[in-house]
Number of protein chains: 2
Amino acid sequence: MEFTTTLGLIAGSLTTIAYLPQLIKTWKSKSADDLSWSMLITLCVGIVLWLVYGSYVHDIPVICANVVTLILSSIILGLKIRYKRSGELG
Amino acid sequence: MEFTTTLGLIAGSLTTIAYLPQLIKTWKSKSADDLSWSMLITLCVGIVLWLVYGSYVHDIPVICANVVTLILSSIILGLKIRYKRSGELG
């Protein structure tokens, strides 16, 4: 495999699995107050658009990376909804 | 501009600017306990690799999007270091 392809795959894997420790931390601490609603929602919408884009251009790595990231970030958003406190903003 | 290119640019813009509300929230609340160290560090390393990848393949959109994301996520990491509590893990 070419050096640049390997580099791209490693980069994509890191920015994808980065959300796993956040998910585990939020799950264990049952607290997500410091996570921004706007970040999580914008991220999820953006990832869905990446998926649509990947499907249009038939880019399998883009589709795979974004499916995993969408699953992880959706679960984090779900945990934030579950653990939300009343009156919280941002 | 082609539909797919526009879609990719919108997707890239959303997953990039998503970190801005997180930065503003962390800055205002002076609290970043619920943000995972592992997520922020993995994300920053992954984005640096995306930048190297973008430079190798001369992909200007990849470089631009990741420069902005790296700036935002590095500032969030810096704020987490600044507001960290002793004994915190994860």
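Cβ atoms are placed via backbone N, Cα and C, with glycine included.
Annotations in TrEMBL come from automatic prediction, not curation.
Feature annotation from TrEMBL assigns transmembrane segment to A:6-24 (among others).
What TrEMBL records for A:36-54 (among others) is transmembrane segment.
The annotation transmembrane segment is assigned in TrEMBL to A:60-79 (among others).
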*List, by number or range, the same-chain residues at least 6 past the transmembrane segment (A:60-79) whose CB is under 8 A from its CB atoms?*
8-9, 12-13, 15-17, 19-20, 22-23, 26-27, 32, 35, 40-41, 43-44, 47-48, 50-51, 53-54
*Surrounding residues of the transmembrane segment (A:6-24) on its own chain - C-beta under 8 Å, 6+ positions past either end*: 35, 61, 65, 68-69, 72-73, 75-76, 79
